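*Asks:* My structure is below; once you've seen it, I'll send some questions.
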Amino acid sequence: MVDQLQGTWKSVSCENFENYMKELGAGRAIRKLGCLARPVVTISTDGDRITIKTKSIFKNKEISFKLGEEFEEITPGGRKSKSTVVLDNDSLVQVQDWDGKEATIRRRLVDGKMVVESAVNNVTCTRTYQRV
């Protein structure tokens with residue numbers, strides 16, 4: 001599954017991102033900038049370590065991890081969270097925990113595109129990426 005997600009991907013559509021960011025507590029200006037961003041995501045592996053690099057006009061971010069092992073990350077919104085990534089059927093699923101809250105980010109292939117569903121509470125955002 002991870003092999004299929006390797007490569008570089010450019011955001012081509014985004015649904016409900018502003019509401020998702022609002023649910024995370026992001027201010028109006030950050031939410032608006034986030035909606036305009038068309039991030040480019042590069043997923044690579046080195047042995048059993050997976051790296052996800054995200055570049056956008058808003059912020060650049062990189063996480064590197066092993067499946068099933070907890071790691072700390074600073075989210076683009078500035079939250080310090082503990083995250084774990086696992087394979088779940090056809091998806092790479094990341095769970096972020098911070099201050100008693102939890103967000104889930106599910107990455108999977110659908111018709112040759114990478115679909116990323118991010119959820120917190122009952123609010124879900126869907127970003128679709130096309131391979132570059």
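Note: Cβ is positioned from N, Cα and C throughout, glycine not excepted.
Take a look at what Swiss-Prot says about it:
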BINDING   Arg107, Arg127, Thr128, Tyr129  fatty acid binding site
*Asks:* Other residues with Cβ within 8 Å of the Cβ centroid of Arg107, Arg127, Thr128, Tyr129 at the fatty acid site?
*Replies:* Trp9, Ser11, Val41, Lys113, Met114, Val115, Val116, Thr126
*Asks:* Around Tyr129 (fatty acid binding site), how many other CB atoms lie within 10 A of its CB?
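*Replies:* Within a 10 Å radius of the Cβ of Tyr129 (fatty acid binding site) lie 24 other Cβ atoms.
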*Asks:* Around the C-beta of Arg107 (fatty acid binding site), how many further C-beta atoms are within 10 angstroms, looking at every protein chain?
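*Replies:* So the Cβ neighbour count for Arg107 (fatty acid binding site) comes to 23.
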*Asks:* Count the other Cβ atoms sitting within 10 Å of the Cβ of Arg127 (fatty acid binding site), across every protein chain shown.
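*Replies:* Total other Cβ atoms inside 10 Å, all chains included: 24.
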